[in-house]
Structure formats: structure tokens, C-alpha cells
Amino acid sequence: MAAPEDVAALQAEITRREEELASLKRRLAAALTAEPEPERPLRVPPPPLAPRAALSRDEILRYSRQLLLPELGVRGQLRLAAAAVLVVGCGGLGCPLAQYLAAAGVGRLGLVDHDVVETSNLARQVLHGEAQAGESKARSAAAALRRLNSAVECVAYPRALAEDWALDLVRGYDVVADCCDNVPTRYLVNDACVLAGRPLVSASALRFEGQMTVYHHDGGPCYRCVFPRPPPPETVTNCADGGVLGAVPGVLGCAQALEVLKIAAGLGSSYSGSMLLFDGLGGHFRRIRLRRRRPDCVVCGQQPTVTRLQDYEAFCGSSATDKCRALKLLCPEERISVTDYKRLLDSGAPHVLLDVRPQVEVDICRLPHSLHIPLSQLERRDADSLKLLGAALRKGKQESQEGVALPVYVICKLGNDSQKAVKVLQSLTAVPELDSLTVQDIVGGLMAWAAKIDGTFPQY
């Protein structure tokens, strides 16, 4: 049995340790709830991380499973601790990517995102929670990563990456991960990486599919080598329009994280000069070879003409955001606001409301008095759809006390497809009932209806 003085000493040591632990918990709680630090000047690259000579006891325990990998080992872990990675986009790709980089012990993470957390993000952007709705994505991600690994320095840049400061920022990091959601930013990040001499790990995801590759590394091509010219803006679909299953960007973000870790640890890259294609619905992974680096590439070629960053929105003809652009295809007389349509609806004036969204969106929500004919069927002049529209117009005319033709109001989600549908209806000759008929689209669509008229109507 231990002597009384030994028991007393142990009890005193336990008390001291408990007080120390309580103090550390109070400091941690204060740090997590403190106001964010002032943003560092964006034109000044962060100072390089100091090289590490050894791992601490806590680090050895924390990273013990990956330290056992002969390819990584202590040397690779020390390289990770001294590495700085810039993550452009803290959404469906950037969240899982940054999460695994922080967990693996990367020394510094720069997090660029101008957007704020929205409820519709939470199904796939796993660093953010319900309590963060309305907060900056960059700051929300940084706070979550600090909770995951307090040893990792997380620097938030809550603004859109732009040509006037992107190059200085990229020069302050060793590896860049492109997790953005728009074409202009992809070209901007690529050019900045080439001019700064940094490898770029890039991925994208939409619906059930995605792709991932490494640009400008180990003699491989850059983004411009593969895509010299941007696609026409009208051919680009984003997640807000096309949809995405959250696990798909999760898979691609994890693939990105693996490539970043290999490059940062000095293990090389598996996807420099090739691309991973993922089909989540079919469950297929496929690897394809990309074209080689182009000698005539305007940014990484033998005689480059792009020697500084440019206006990428002008170059691509689209904005550096994933927000849907509001089209202006019709004159004001061919459009009606949701407020005016609600007034018309309340008056009981006879009319036809034509919903031109795809069936999958109509299944989510609809106005009960609407007639559904998808825009795609109108565009291909589907005979059954035109008969359905003609029958609705004839029935409405017969039921109308005045016996006059009914006006048609066209609605969609945001007010873009409805304008296209009005153009189609104006050109139809196969439906006699449309001759000399008033056809207008409803500005802003059902999302404007939900925002301005009916707060209980679902938004998606």
C-alpha cells in the first residue's frame, strides 16, 4: 500500500493537472468565440513557414498511421508541416479537400471564397452547419478546420479572387487547389499558377459526374493547353441549374486532397498529364490521358503572350460566380412582375399559366392552377404538347364570359427559360389559338414568387 505522502502528492498533481486542463479549455473557448483577426493585406504574400527538424510527441501520436507508410514517413510529414496550400472555393469540393488536408497536418491553408453559407449548401458543403447560415464561407471553413486541428494555420480570404491580387497571393503558397464553380476563375487560377510556378490541382463536379487532374506540374499541360478557348457561356451548366448529389463532389474533393498531399510531401503526382473521370451513377472510375503541353500555349508555351493576369470575365464572356445570370430576351411589354400577376390572379381574370420547368422540378413544387409543358417539348414542337396547350386555350375561351382568347403567362424557376418559351410560342404556327394572343413571361419566376408573394412556397 502506498505511503500517505505519496497519495497526497498524487492527489495534488491531479488537482494541478485538472486546473491546467480547465485553463486550456477556457482559452480554447475564448479563441473559438473571439472576433476574427483583421484580414492581412492581400497584396502581401504570407511569410513562408519555417522548416521543421523533428516531430513532437503529440504529432507522432496524431499522425502515427500515416507515419507508418514508407513512402511518407517522418520526412514526408515534416514536408507537410512546412507546406502551404491555397484552396480556391470553400464549397462542395473545397470542404472535403480542406478537411483532409487539415487532418493530415498541412502547415497552412489559405481559404478563398467570396460567398456566404446558404441552407442549400449544407447537403454537400460539409464544413458548414446550420448555425453558419449567412456567414462567410471562408471564415466558416477556417473556424471548422481550427476545431479539427488547432496546429494548422488557417487564413481566410472572404472575397472573390481577382486579377489585381491573385498572383501575389498564389506566390505565397506551394500548391493551389482549384475548387471553384465558374469558368473565369479557372482561367485566372491557371494563369496565376503558371506565372508563379505553382502546381494546380483542379476538379469539378455536376449531377452524378466529376473529373480531377493536375495542371502545370512535372512537365504536364496547363489548363489553357487543354482548353485554349472558354466555352460559350450559354453551354455552361452549374449546380444551381443542373443539380449535384453531395457525395460526388465529396469523392472528387478527396481525390484532390490525395494529389495535393502527394505533391506537398514530395511523392509526385499520379495525374499530371492525365485526368480522372468519375461516374457516380454507374459507379465507374476512368483515367484518360490529356494532350501534352502545347509549345504554342499562350501562357506556358515557348513564346507566351499572357505575361500578366487579365480581365477574365471579359475573356470568358461570363461572370466569376455560379449565380444564374438573368437573361433579357424580351422587351418590357412582354413581361409581367410577380406582383402584377398576383393582382391578376386575385381578380379572377381568366388566363392560362404555363409552367415550362422540367418534370423533376415540377415534382418539387408547383402552383396548383398551372399547366405543365417543359420547355424542351416546346422547342422541339412536340405534337402532343401543342395539342394539350391548344385544348387548354379552347376550353378557357369557351368558359370565358366574353368568349375572347385567354392570355398566356409563362413561368419557370428564375425567369430565364420562361423568356425562351415566350419566343417559341410567338413563332408557333401549328397552334391556331396562339394567333394574336398575349403571351408574357413572369419576371423572376417561382423563386421571385416565393420571395415576394408567398413566403411558404418552397425555394430550391
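In case you wondered, yes, glycine gets a Cβ from its N, Cα and C as well.
Here the structure is a predicted model, which means the values were calculated and not measured.
For reference, Swiss-Prot has these:
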type	residues	note
BINDING	G92, D113, S120, N121, L122, A123, R124, K137, D181, N182	ATP binding site
REGION	158-238	region 'Interaction with NFS1'
BINDING	C222, C225, C297, C300	Zn(2+) binding site
ACT_SITE	C239	active site, glycyl thioester intermediate
DISULFID	C316-C324	disulfide bond
DOMAIN	347-458	domain 'Rhodanese'
ACT_SITE	C412	active site, cysteine persulfide intermediate
MOD_RES	C412	cysteine persulfide
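Distribution of Swiss-Prot features across the structure.
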{"residue": "G92", "record": "ATP binding site", "Cβ neighbours (10 Å)": "29"}
{"residue": "S120", "record": "ATP binding site", "Cβ neighbours (10 Å)": "12"}
{"residue": "L122", "record": "ATP binding site", "Cβ neighbours (10 Å)": "15"}
{"residue": "D181", "record": "ATP binding site", "Cβ neighbours (10 Å)": "24"}
{"residue": "C222", "record": "Zn(2+) binding site", "Cβ neighbours (10 Å)": "22"}
{"residue": "C225", "record": "Zn(2+) binding site", "Cβ neighbours (10 Å)": "24"}
{"residue": "C297", "record": "Zn(2+) binding site", "Cβ neighbours (10 Å)": "21"}
{"residue": "C300", "record": "Zn(2+) binding site", "Cβ neighbours (10 Å)": "23"}
{"residue": "C316", "record": "disulfide bond", "Cβ neighbours (10 Å)": "22"}
{"residue": "C412", "record": "active site, cysteine persulfide intermediate", "Cβ neighbours (10 Å)": "25"}
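Sitting within 8 Å of the Cβ centre of C222, C225, C297, C300, and not among those site residues for Zn(2+), are the Cβ atoms of V194, Y215, H216, P221, Y223, R224, R293, R294, V298, V299, G301. Here C324 (disulfide bond) is compared against the recorded positions R124, C297, C412, and the shortest C-alpha distance is to C412.
Take the CB of R124 (ATP binding site) and look out to 10 A: across all protein chains shown you find 22 other CB atoms. In this structure, C324 is the one among the recorded positions C239, C324 with the smallest number of other Cβ atoms inside 10 Å of its Cβ. Of all the recorded positions listed here (G92, D181, C412), D181 has the Cα closest to the Cα of C316 (disulfide bond). In terms of C-alpha distance, the listed recorded positions S120, L122, C239 place C239 closest to C222 (Zn(2+) binding site). Confidence over the region 'Interaction with NFS1' (158-238), given as mean pLDDT on the 0 to 100 scale, stands at 95. When the Cα atoms are compared, C412 (active site, cysteine persulfide intermediate) and C225 (Zn(2+) binding site) turn out to be 38 Å apart. The two recorded residues D181 (ATP binding site) and C297 (Zn(2+) binding site) have their Cα atoms spaced 24 Å from each other. Maximum intra-site Cα distance, ATP binding residues G92, D113, S120, N121, L122, A123, R124, K137, D181, N182: 20 Å. Here the domain 'Rhodanese' (347-458) has, by DSSP, the following mix of helix, strand and coil residues: 49 helix, 14 strand, 49 coil.
In this structure the C-alpha atoms belonging to R124 (ATP binding site) and C297 (Zn(2+) binding site) are separated by 35 Å.
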